[in-house]
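What Swiss-Prot says about this one:
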ACT_SITE  Ser102  active site, phosphoserine intermediate
BINDING   Ser102, Asp241, Asp243, Asp245  Mg(2+) binding site
MOD_RES   Ser102  phosphoserine
Amino acid sequence: MSRYFGTDGIRGRVGQGLISADFVLRLGNALGRVLAQGRDTRPMVLIGKDTRISGYMFESALEAGLVAAGADVQLIGPMPTPAIAFLTNTLRADAGVVISASHNPHDDNGIKFFSAMGEKLDDATEAAIEAAIEAPFLTVDSEYLGKVKRTRDAIGRYIEFSKASVPRGFTLRGLKLVLDCAHGATYHIAPMLFRELGAELVTIGVDPDGLNINAGVGSTHLETLAATVRESGADLGIAFDGDGDRVLMTDAQGRTVDGDDLLYVLARAWRASGRLKGTVVGTLMSNYGLEQALGTLGIPFIRARVGDRYVHQALVESGGVLGGEASGHLLCLDRATTGDGIVSALQVLEVLRHEGLTLSQALLGLHKVPQKTVNVCWSGPARAAVEMPEVRQALVEAQAAVQGRGRVFLRPSGTEPVVRITVEADDVVLMQQTLDRLADVVRDAA
């Protein structure tokens, strides 16, 4: 088991445990040493971040650790996570680092890495970095210290990359959209891009102050977006999370359109156009109704472990190009190397424009079963919850209660100190009763 890395890098409360300036300094030094092994030239690393205030502190710590190990650094500043993945590849860097805690509040932060190809690091490289952290801090001789510079054209590069993901003649003229940028990393780029494509925009969540990221806005708080869509008469709403790798939408009536819905819209249209390849990949949490709807269309569907890195792995293994999670992590591997909220939103909008459909019309063939998830806070290691006898027994009873009519999942979060409980069933009362009973047992055991 990894000592430091979770399902999406390293994440936690600022100033506690691993999310401290001294640890991040050592982490940067470890990365620099791993990248320098077996080469005569200095490795080059990109560093990007979201808008939370602690990003400045960790950016400086990473920079110092990398430079001390002899690595050059390019500072990108506030940019979406997928933009760092793209820039790492296109600028021929040896690695990319993102300072972000995604959809978490401002007092959390985290570090995630990308390979030279703009993909999440493999387990072997993560293990090498962890081993290097335990070694003494390295400062190379002065003449071999790394250099630091800022990249000035990152925004323009990423906007052109995103626009290139849709046909050249594609425009959004005549569409009124509400964009919710979560006061996060997309706050400046997303409005610029969608206006360049001709959309009439109403924007929310575009005034970051370092403390308001994800605060009542973004993909985890769709209430503001839904209300703004209804009040403004917009055609639909688009919400990103704090680092821009997730996207959710609302239709013109303000109804939530989650990642499962968006997967269906894309899979159905791409199959008809011939763009869909291989298998569509969801996760263990994907709604059963999605699996049924895709099956009706003759589209193969498999489930990976929860986490976009596992969806990516399953897509590569199955030769697929489309996958994702209900949370809004969508992978369009024929357009981007990682989950990209802006690129994914453009793919959905391109389908709607091509087919002449509204978002609600594009979803008419999907009938999801009632599903609900609750998070139960867990003071100790969340993984211990699933091993407790009373919790295991309650899980068995819950699964028996919905057998043949739904599914029950209980899993520790890979990014937060919570246990996630999900129940789906063909009857909403059965679903809620089963969820309540299981959640009560987990809370009592916490």
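Note that Cβ sites are derived from N, Cα and C of the backbone, with glycine treated the same way.
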Exercise for review: Specify all same-chain residues, apart from the site residues Ser102, Asp241, Asp243, Asp245, whose Cβ lies within 8 angstroms of the center of the Cβ atoms of the Mg(2+) site, ordered by sequence.
Suggested key: Asp50, Pro80, Thr81, Ser100, His103, Gly184, Ala185, Phe240, Gly242, Gly244, Arg246, Gly341
Review point. In angstrom units, rounded to an integer, how far apart are the Cα atoms of the residue listed as 'active site, phosphoserine intermediate' and Asp245 (Mg(2+) binding site)?
Key: 8
Practice item. Enumerate same-chain residues with a sequence separation of six or more from Asp245 (Mg(2+) binding site) and a Cβ-Cβ distance below 8 A; give 'none' if the list is empty. Key: Pro80, Thr81, Pro82, Ser102, Asp308, His329, Thr338, Gly339, Asp340, Gly341
Revision key, fill the gap. When the binding-site residues Asp241, Asp243 are compared by other Cβ atoms within 10 Å, fewest goes to Asp241
